Amino acid sequence: MEESNPAPTSCTSKGKHSKVSDLISHFEGGSVLSSYIDLQKDSTMNLNIPQTLGQPGLTSSPPRKFLPQHSPQKQENDPDQTQGQHGCLANGVVAAQNQMECEDEKETTLSPEMAIQTAAASPDTHVLNGERNETITDSASSIANSHDENASDSSCRTPGTDLGLPSKEGEPGMDAELQERENGVNTMGLDTLDQHHEVKETNEQKLHKIATELLLTERAYVSRLDLLDQVFYCKLLEEANRGSFPAEMVNKIFSNISSINAFHSKFLLPELEKRMQEWETTPRIGDILQKLAPFLKMYGEYVKGFDNAVELVKTMTERVPQFKSVTEEIQKQKICGSLTLQHHMLEPIQRIPRYEMLLKDYLKKLSPDSPDWNDAKKSLEIISTAASHSNSAIRKMENLKKLLEIYEMLGEEEDIVNPSNELIKEGQILKLAARNTSAQERYLFLFNNMLLYCVPRFSLVGSKFTVRTRVGIDGMKIVETHNEEYPHTFQISGKERTLELQASSEQDKEEWIKALQESIDAFHQRHETFRNAIAKENDIPLEVSTAELGKRAPRWIRDNEVTMCMKCKESFNALTRRRHHCRACGHVVCWKCSDYKAQLEYDGGRLNKVCKDCYQIISGFTDSEEKKRRGILEIESAEVSGNSEVCSFLQYMEKSKPWQKIWCVIPKQDPLVLYMYGAPQDVRAQATIPLLGYVVDDMPKSADLPHSFKLTQSKSVHSFAADNEELKQKWLKIILLAVTGETPDGPSEHLATLNNLPGPKKKSEC
């Protein structure tokens, strides 16, 4: 863009004198704009030109905001004229267009006329506190026209350079940038003063707002009291006088609600109404509250009987149809807001803490020197005492509301709505099934005196859960179990039932154990029989002791842990010999061994299916038949696995039969015999292999499974396969000793006995 040629000095001087004279003659009458020019004149008297022109950040005092006297009618003038007017910045800052004018005026001081000229050069826009306000007037437009008429030569100026300012077209962003800089400095002092003035006004306004809020909430509260007293109470009393139910029940529910309503509607509310009308002359509320606060003691009677009143409403609604009909009819009305009677009964309980909160806020805004300070402080002390009782009742009511929600979630089948019941924790959890290895979704509700073990109910409407078991806190014990296949597990052992549960995470598990422990400890503290609830895994046996049979729910042995009846040792199958659990000891038995019933104390004395042994212990009947002497196969797997040279699952194949997974054990007490079980908890071995004399082949063929080995003797061939090479070598180490009659501890007694036999019998050796 081409730069404008500098204007001659004579033209510039002539333009200045004509403009100054026009401005003085035009604003001699003292308009709003002239006062603004005077302000600019005072602020620029001591400023020199180099400081003003060279440093845009240094400006005069902030200009005052003024309104135009006339509507902007000449804003759509010739663009060239308007553009020249817009080139001036707010607050009297002038930027030189070219170096010649700056050098001519470097040593001159800014005169009042120059300040007037600067302020009037751009009357259309001013930036004040970050806001741009239009200030174009008819008078201001005439100034521009007069300026143009007095210019003798058009060559003395170019568009946008009336006062030596840079052209807008040349540097379009410079104007806005300079305005932002000077506004940041000029408005600082003004903002500080405004903020101080605003804070002073805000405290007074907030005191008025608090008093207004107290009045408005008091009006709404009185309308709720009228609903309780004049609608619910009167309608139910009318129905009671008809003989539908005793009137005494209605009086117990509403207590002294009529007295409370009379106090607020006839005394407190009228006093507040009158005071707010006189607020300009008497801006205080502490004296009213201090005078009437002692009457709030009448709430003590209402709060004291609140729990029983809510429980009575629930009972009457369930058992008396007329009571239910009247309350439901009122609750349908618009004035109730679709809220229940219990909800409206909570209003007086919540009102006292509301007074306390508003009064505390009022004292924070009130100056200690105020005449209302002492009255407000005394009234707060009285109200705080009453509020402490209300807060306790509110907590109980909130807990009761939660109990009602749970009551509905359970299909209104469990009687849990009782003020003595307190919800401690709830949440989803997984239950490890005894009949299979699956984890089933469950939901727990932990209260201060019981645990509800629930099953989710999949329905669009109605209840969400079904209570499967209610386990009492009394006698409950917790065990933190460790299961590699199922992490984050723990066991709840109660008189009614034992549950093995799996949490979603270790943190969730710890939270449940902590909540259960605290509930158990608190329960025993209330009954003065404190004892630790969390015990180590070894502190609680997996099986119920003989003394506790029928008194404590057992832990059920999982179906996949056994393959045969734990009493008669017969193998299970899906058709003729299915699995059953003894409800007394938790063992898995067949139908023959569970064909007994006994009364179990933990199940309320009801008859339950039990095994033969438990039946004899619980009922006291003894079997005269002597127990059979156990054979070699009748050694329990758990008995030998705990004291063995080696034990693990192995794949096993005999002759042309398919591979099957079995539990193999070489016990320390019989190290030359390999016991094979269907599962680790089986009480009887499926087969045994005396290892002495067998040939070991640890080089499997290509058709065999990896990590396999064979035991061969005559026509008997037993094939085994381990899960990995390490486990295979562990087995081979023990078996290679056993086939030669040796043990890890030394020569076997079996081999010594064999060597002492007569000659002919030594043919059995390999």
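Cβ coordinates come from backbone N, Cα and C, glycine included.
As recorded in Swiss-Prot:
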{"type": "REGION", "residues": "1-150", "note": "region 'Actin filament-binding'"}
{"type": "COMPBIAS", "residues": "47-62", "note": "compositional bias 'Polar residues'"}
{"type": "COMPBIAS", "residues": "70-85", "note": "compositional bias 'Polar residues'"}
{"type": "DOMAIN", "residues": "206-393", "note": "domain 'DH'"}
{"type": "DOMAIN", "residues": "422-521", "note": "domain 'PH 1'"}
{"type": "ZN_FING", "residues": "559-619", "note": "zinc finger"}
{"type": "BINDING", "residues": "C565, C568, C590, C593", "note": "Zn(2+) 1 binding site"}
{"type": "BINDING", "residues": "C582, C585, C611, C614", "note": "Zn(2+) 2 binding site"}
{"type": "DOMAIN", "residues": "643-740", "note": "domain 'PH 2'"}
{"type": "MOD_RES", "residues": "S702", "note": "phosphoserine"}
{"type": "MOD_RES", "residues": "S716", "note": "phosphoserine"}
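Positions of the features from Swiss-Prot, shown on the structure.
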residue : record                : DSSP class
C565    : Zn(2+) 1 binding site : coil
C582    : Zn(2+) 2 binding site : coil
C590    : Zn(2+) 1 binding site : coil
C611    : Zn(2+) 2 binding site : coil
S716    : phosphoserine         : strand
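Cβ neighbour count for C593 (Zn(2+) 1 binding site) (all protein chains, 10 Å cutoff from its Cβ): 21.
Within 8 Å of the centroid defined by the CB atoms of C582, C585, C611, C614, the record's Zn(2+) 2 site, lie the Cβ atoms of L549, R583, A584, G586, H587, V589, S594, V610, K612, D613, Y615, excluding the listed residues themselves. Considering only the recorded positions C565, C568, C593, S716, the residues lying within 10 A of C582 (Zn(2+) 2 binding site) on a C-alpha to C-alpha basis are C593. Within the domain 'PH 2' (643-740), the DSSP-based counts of helix, strand and coil residues read 14 helix, 43 strand, 41 coil. The most densely surrounded of the binding-site residues C568, C582 is C582 (count of other Cβ atoms within 10 A of its Cβ). Counted with DSSP, the domain 'PH 1' (422-521) comes out as 16 helix, 47 strand, 37 coil. Within 8 Å of the centroid of the Cβ atoms of C565, C568, C590, C593, where the record puts Zn(2+) 1, the same chain has further Cβ atoms from M564, M566, K567, K569, E570, R577, V589, W591, K592, S594. Each residue in the domain 'DH' (206-393) has a pLDDT score, and their mean in this model is 90. Separating the Cα atoms of S716 (phosphoserine) and C614 (Zn(2+) 2 binding site) is a whole-number distance of 42 Å. A gap of 14 Å separates the Cα atoms of C565 (Zn(2+) 1 binding site) and C585 (Zn(2+) 2 binding site). Between the alpha carbons (Cα) of C590 (Zn(2+) 1 binding site) and C611 (Zn(2+) 2 binding site) lies a span of roughly 9 Å.
Here the C-alpha separation of C585 (Zn(2+) 2 binding site) and C568 (Zn(2+) 1 binding site) works out to 15 Å.
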